[in-house]
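One structure below.
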Amino acid sequence: MAVITSAPGKVLITGAYLVLEKPNPGIVLSTTARFYAIVKPLRSSIDSRSWAWLWTDVKLMSPQLSKEEVYKLSLKTLSLQNISSSSGNGNPFAEQAVQFAVQAAKAAFVDNNHRQEMLQKLLLQGLDITILGSNDFYSYRKQIDARGLPLTSETLSLLPAFSSINVNTNNADKSHPSSKVTCAPELAKTGLGSSAAMTTAVVAALLQYLGVVNVPTRSDKNHTDNIMNANLDLVHVVSQTAHCVAQGKIGSGFDVSAAVYGSQRYVRFSPEILSLAQASRQSKAILQDMTEILNSTWDNERIEYALPPFMALLVGEPGYGGSCTPSMVGAVQSWRKRDPQNSQVIWKKLAEANAAVERELLLLKHMAQEQEKNYRNVVENCSKLLAEKWMDYHKDDLNHHAIVKALLAARQAMLEVRNLLRQIGEAAGVPIEPESQTHILDMTMGMEGVLLAGVPGAGGFDAIFAITLGSTSRDCVAHKWSSNGVLPLLVTEDPRGVTLEDGDPREIAIASRIHSINLE
């Protein structure tokens, strides 16, 4: 009776820092890197002892960390108590996901006695939860270096699926030029939004298991009908709430939104909506607050926004140890308070540049639909040429000319985004686009078939990204990155959001590897 769901990681290509404030949008792409949650009953029957009706058991396993946490879940207050030997060192995102998902289920069935009884029986069997994250969420550079292997995608593909995760032993990377970003996270990550994807996967799996929602499957073609939207909206609300409480602050939420709905243009919700959740963390009166949160009018905005056809996303790990996003955001906010006049000028220019990238990509998607043959020809031709030669190659064809003009405008807008982010970083004293990244990104933009390149999200030392015209250009960029010390990840864009899976991802990965070996 296991339920298995997955939720994707993300890459924010525009909207860095601005997306924290309404009504500024951000373009966020969901990826093939996914977190999986497997939920099944801990016991085959209900414990009939009277005390068992007050508490139930929860087991939370993270095989990649070789961790198993055991909890008691109060069926009255819905609080979790860690009773395992490693108590106090649990997973706050998974813990909050469990509490808020169960709270949401109880709130959903408050007027339905039959559903309440079914929910109680499921809970009294206990909850057995396993969490697995795709390798792309985590850094394996140390393992690769230790074995003397090349920094290539091919090397990464040789790692077993859901490999053990490397833990940072030194929480202060002295190589960072700014003391404001010297706190590397405990787990060596690649900046794809692992906590948001994990939280969403656990929430979705529990809500599906407890009979509250129907999560879309891979084969579901229509994810936009009203019933499916209501299901996803509930997963979104609970996931945002759990994630914000776990991290101790109300962020923009773009990472959770991408994990639920997939690639999109995102405008954040009003932070006041979750003030109840923050208060309930103190008061413990979460069930009543959860009902209010579920009934609140969420004013976030999203529009589906996948990349135009025949474009490919590539993400690379420069290998500098990661950055502390909250510290960088705090430094930028402090700068804006210190210098409101100059910061407002740059803020406005950055918003305009972001809007230009968004506009040109939308125009290209429209051209791909209206002029499919012309669009395909232009992209194929440009994928083999340096950008300065794109227009000359198509100057005699007016239809081609308009498509190339949009491609070049998107490139120019992204160059302006990068320039403004560097200015913000310099003014705030944080390396949003560090010099080492600037060198790699400039080199990348000078290659054939490259449309965009930049630092995703808040920037720093976590990752870089490129969007290329076609997979051949992507492979060339990956090879160039490898030769310059950047590890190209296997991740690409996948516009799907949270999904109900039909099998254990570990078993599927093993079967896929055996199939590949047989083909060889």
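A Cβ is built for glycine as well, from the same backbone N, Cα and C atoms used for every other residue.
Within the listed segments 284-318, 354-388, 389-423, 459-493, TrEMBL records coiled coil for the stretch 354-388. Beyond the ends of the coiled coil (354-388), by six or more residues, the same chain brings 13-15, 18, 24-27, 265, 305, 307-311, 394, 397, 399-400, 402-404, 406-414, 416-417, 445-450, 452, 468-470, 472-473 to within a C-beta distance below 8 angstroms of the stretch. For the domain 'GHMP kinase N-terminal' (189-262), the model's average pLDDT works out to 92.
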